[in-house]
Structure formats: C-alpha cells, structure tokens
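So that you can see what the record holds, here are the features copied from TrEMBL:
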type	residues	note
TRANSMEM	7-29	transmembrane segment
TRANSMEM	35-54	transmembrane segment
TRANSMEM	66-84	transmembrane segment
TRANSMEM	90-115	transmembrane segment
TRANSMEM	127-145	transmembrane segment
TRANSMEM	151-171	transmembrane segment
TRANSMEM	207-226	transmembrane segment
TRANSMEM	246-263	transmembrane segment
TRANSMEM	275-293	transmembrane segment
TRANSMEM	331-353	transmembrane segment
TRANSMEM	359-377	transmembrane segment
Amino acid sequence: MLRPIGYFVANGLIIGGWAAAIPIVARNAGLDETSLAVVLLSFAVGGMMAMLFTPAAIDWIGTNRLCVLSAVGFSLMFATVFGISDKLSLALSAFVFGGFHGTMDVAMNAGAIEAEKVTGTRFMSKLHGCFSLGAALGAASFGLISTELEANSALFFSSAIVAFLFVIVFASRTNDAASSRPTRFDAPDCEAYSESPQTSQSNSRPLNIVPVLGSIAFCCLVAEGAMVDWLVKLFQTGEHTSGRAGFVYASFAIGMSACRFAGDLISTHIGDRRTIVFGCLVSSVSLAAVLLTTDATLACVPALVAGAGLANVIPSTFRACGSDSKQFGRILARVTTIGYAGFLFGPPIIGVIADASSLRLALVVPVASLAIASMIATRSGTLKLPANAGGSRLRYCNELTGEAK
C-alpha cells in the first residue's frame, strides 16, 4: 500500500508545483496568454499521445518499473521546463513533460488496480485523495520555495521529489510482487460484469447515455483543469510568484482532497445524482466568488469550497455508467475519454480567450461549464444505478479505464 500512495502523492506534488510555477515560466519566457496556451496545449497533446502507448509499455516492463521511470522523468522535466526561456524549446519540452505525466497517470492507476486485486480491499478513492493532498502540498511548498530560491527552486523541488520516490521504492521492496506484474487493459473483462434481472432490459439503449455523462464529465474537468493551470496566475501581480497566490490553488486542492476521502460516505447518503447536481452548483457559485475578489487571501475560502464541491462529481458520473450493465465497460471508456479531453484542452482554450479579453473574464468559462453540468444532471434520467452497480466490480472497471483525477 505504501508504494501506490507514494506514486499518487508524488504525481500530485508535481502537478501542484506546476500550477504554482506557471506564472514564473510564463514571465521567464515572455509569454502572453496565447503563447502560454500553446505551451499548455503541447503538454496536453504529449499526455494524450503517451496514454495511447502506455498499456503496451506496462505489458513490456511492468507497472512498477514504468511508474518509477515515468515519475523520475516527470520530476526532472519539471526542472527542465522551468529553466527554459525560448518559446519553441519550451513548447517541445512541455510536450515531453506532458508525455511523462500521461504515462505516470495510467501506470500508477494500473498498479493500484493490481494492489486492489491482490489485497481484496477497495482504496482507489483514497489514493485519488492522496493525489489531491499532494497537489495541495506541491502548490503551497513550491510557492514558498520560489520566494526564497527562485533561480534554483525548481531544481530543489524536483530533487526532493526524486529523493522521496526512491525512499518509497526502497521502503516497500517487499511488496514488489503485487505491483511489478504486467497488467492488461481488457475491456471485455469489464463487460463480463454480471447482470441483474432489473437491468437486463437496459441493453436496448446501449450507448445513448454517453453524450449525457460525457458532457457532465467534460464540463467538470474543464473547470478542474482551469484551476490547475490558471488559478495561481489569476492572483499573480508582482514579478515574483507570491506564496499567497499559490495558497489559492492549495486551498482548492485541500477542499477536493478532504471530500474525496469522504466521497463514498457522501454519495451513499445523498445519492449520485444529488452529489453531481449540488456539487457542480456549489463549485460554480464558489468559483464565481473567487473571480469577484482580487485578494489572494480572501480567495482561499471560496476556492476551498469549490474544491470540496467538485471533488466527488467525477466518481459519481463514472459510477452512473453502470446504468447499462452489459456495455458499461465501453460506455465508461468513452465517457472517461471525453472528460479527460476537457481537462487537457480546456485550459489552452481559456488561454486564447484570456488573450483576447482578460484572464478573469475567461475564467467565467469554468463557472458556466459547472452550471451547465448541474443542469444536465438535474434534467437527465440516466443517473440511476442498477441494483448491483455499486459493487466492487464496477469500481474495478472504473479505474481500469483510467479515471481522471
């Protein structure tokens, strides 16, 4: 269990550090919003392309080795991207940086799935909570480090993460057997999920819930991606990255992390539909409050609430894919792909809008997207689970298809 936790925390640390470092990277390279959007798009394309080849890499060298290699590469590329001032070189480096991120994202989820199978215990939601916790720590710590050691802050930060990874690896060597076997991503295995009599009639509408659930996932992950890439820059006012600006994203990540650890309990008590509807609504209103304030300290409170509201929307959305039990493997894969596209390509689009107007105005996009997701969930009749859709088999296939964080 120690090793999966370490990978998820490390991934979150780098993503959080990247969120806090974006203003410095943009300033060092002289990027306007459009140029920064190109860099973010390069990161997104690199991640998407790497994800296509990661399953084959897992079969070749195993999840554990791939997790270690991609995590080290991801850490070192953070320092590389931070130190580049040429725009073309920065875009190319961001492509490689995103490639390591995509590889690590798939590999660590695959390793966690193997650990769940071996132990017979469900802890995937807690691991995603560890990612959010790592993101909060990464944003806060890099924000503080950069105020003291700006020139060497990225190198120090990356070195610390690499050291952390090797400590985790050596501390958990006795558990190698569970995490080093190759893992295959078999969609038919998901489709073998047993049906109940109540859901056997749902097969007449095999894929018509994909547009609804995919739209919800896309809208929510546009907002989450925007918070990662643009929230710190929104409150960046001086020549140096303010620690207070980093704390805004850290507050968002803390709220998301705390509610993810309690996610199963929340959705059990109020249901998935209400989790989505109220979560999106609360997050939309809170993000609007963030945009209405210009003080980073005051923005931390609504950012915290926004993260809490958004935390369990995606797990509940993916769980609703089980309303068609016979084909939910394919449904889930398609919904996940649509949603992750929003996470990766939403921020560059926001950057283009910001260059034409202002960043504060452009960030109305995630506010509106969350409101739209809430309305879709309110009007949709597809968010009803079959009697056995909450079982471990659905959760296993949920992670197998690569749930976005």
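Positions of Cβ are set from backbone N, Cα and C atoms, glycine also.
Counted over residue pairs separated by six or more positions, the transmembrane segment (151-171) shares fewer than 3 Cβ pairs under 8 angstroms with the transmembrane segment (90-115), which leaves the two as not touching. Contact counts against the transmembrane segment (7-29), taken as Cβ pairs under 8 Å, peak for 66-84 among the stretches 35-54, 66-84, 246-263. Here the transmembrane segment (35-54) has long-range neighbours at 22, 25-26, 29, 66, 87, 90-92, 94-103, 105-107, 229, 340-341, 344-345, 347-352, 354-355, 402, meaning same-chain residues at least 6 beyond its ends whose C-beta is under 8 angstroms from one of its own. For the transmembrane segment (246-263), the list of distant contacts is 12, 16, 19-20, 125-126, 128-133, 135-137, 139-140, 142-144, 146, 227-228, 231-232, 234-235, 290, 296-297, 299-301, 303-312, 315: same-chain residues at least six beyond its ends, Cβ to Cβ under 8 Å.
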